[in-house]
Amino acid sequence: MSATGNVSGYSADLYDFERTFDHESFHSWLKEHWTLSVWYSVLYVVLVFAGRHYMNERPKFNLRAPLAIWSTVLASFSIFGAVRTIPELVFMIRNYGFQGSVCSPAYFYGPTAFWAYLFTVSKLYELGDTAFIVLRKQPLIFLHWYHHVTVFIYVWYSYTDHTAPGRWFMVMNYTVHSFMYTYYSLKAMRVRLPGFINIFITTIQILQMLMGVVIVVKAYQYKAQGHFCQQSAVNMQYCAAMYASYLILFMVFFYQTYLKPKPSSGQPARAKETISNSVHQNGKKMD
C-alpha cells in the first residue's frame, strides 16, 4: 500500500452513484476542455459588469425566495461533500502523515472520486452567486468576482492534473461553504442570527487561505527534498500566488469591515457587505 500512487487503502460504504462513477471518462473530458474555464470566466466578468450597467437605472429585484433556495441547495451540497471527504483526509493523515495527505493524489480514485469531480464542476455553478448581487443591486467588491474566477480556473486545471494538495483545498472549501451558504440561506429567510456569525465566517475564510499557503509551501518543500508530491511547478506557482492574494484581500476586508474605526457622525458609513450574496448594507438589513 503506497500513498504515492492511486491506492491509499481507504474504504467507505458507497452510494450507488459513487460506486458507478466513471472517473476516467469525466477526467478525460475535463482535461481535453479545461480551457473552457478561461472562456467561461471571461464571459462571466463581461456579464457581471454589463449587468451592473444594465441595472444602474432600473429598480432592484427582491429575489429573496430564489436566494433562499439557491443558498439552501449549495449549503446542502457543501455539507454532504464535507461529510463524504473529511474521513478520507483524516485517514490519510493517520496512516501516511501530513506529507501523505498533501502529496498523494489517491483521493481522485475510490470513494472520494465522485466528490472531487463535483467539487470541480460546482465552481461553475457558484458563479451564479453574483447574479443575485447584480440583480439586487448590492455592493460588488473586487474580492467577490476575483475569487470566483480564479478558483474556477484553478480547480478545473488542477483536477485535470490530479493535483494532490487539492485534497486539502477541497475539504476546506466544502467545510467553509457549509457554514457560509447555511448563513446566507437563513438570512434570506429572515432568520435573526447573532452578530458574531459574520465575524466567524470571515475568520474561517482567512484561516482557509492561510492553510492554503501552508499547504503549497509544504508541497514545495517535499518536492525539493526529493519526495514524491503530485503537483507541478506551474501549479505550485499559480496556487501560491492565488492563496497569498486571497489571504491579503480577506484580511483587508476583515479590517475594513470589523476593525476599522467608524466614520464620524454625519459621514456616510461604509457598507458592511459579506463576501457573497450581501445581506447587510450600512448596518441595516437589505430588502
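Cβ coordinates come from backbone N, Cα and C, glycine included.
Sequence annotations record features per position, and here TrEMBL assigns region 'Disordered' to 263-287.
Using a Cβ-Cβ cut-off under 8 Å and counting only residues 6 or more beyond its ends in the same chain, the transmembrane segment (38-55) has close neighbours at 124, 127, 130-131, 134-135, 137, 140, 145, 148-149, 152-153. Residues annotated as transmembrane segment in TrEMBL: 38-55 (among others).
According to TrEMBL, the feature transmembrane segment maps to 67-86 (among others). Same-chain residues lying 6 or more positions outside the transmembrane segment (67-86) and placing a CB less than 8 Å from one of its CB atoms are 12, 18, 107, 111-112, 115-116, 118-119, 122, 125-126, 128-129, 132, 136, 167, 170-171, 173-175, 177-178, 180-182, 184-185, 188-189, 277.
Residues 3, 5-8, 10-12, 14, 17-18, 21, 23, 26-27, 30, 37, 40, 44, 70, 74, 77, 81, 84-85, 88-89, 92, 148, 151-152, 155-156, 159, 162, 166-167, 170, 173-174 of the same chain lie 6+ residues outside the transmembrane segment (106-128) yet bring a C-beta within less than 8 angstroms of a C-beta in it. Taken from TrEMBL, the feature transmembrane segment applies to 106-128 (among others).
If you look up TrEMBL, you'll see 140-159 (among others) marked as transmembrane segment.
Long-range contacts of the transmembrane segment (196-220) within its own chain (CB-CB distance under 8 A, at least 6 residues past either end) are made by residues 98-99, 102-103, 164-165, 168-169, 172-173, 176, 179-180, 183, 229, 231, 236, 239-240, 242-244, 246-247, 250-251, 253-254, 257-258, 272, 274-275, 280. Summarising the annotation, TrEMBL assigns transmembrane segment to 196-220 (among others).
Annotation source TrEMBL lists transmembrane segment at 240-258 (among others).
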Fill in: Spatial neighbours of the transmembrane segment (140-159) far in sequence, C-beta under 8 Å, 6+ residues away
27, 30, 34, 36-38, 40-41, 44-45, 48, 52, 108, 116-117, 119-120, 123-124, 126-127, 129-130, 133-134, 166, 169, 235, 238-239, 242, 245-246, 249-250, 253, 273, 275-276
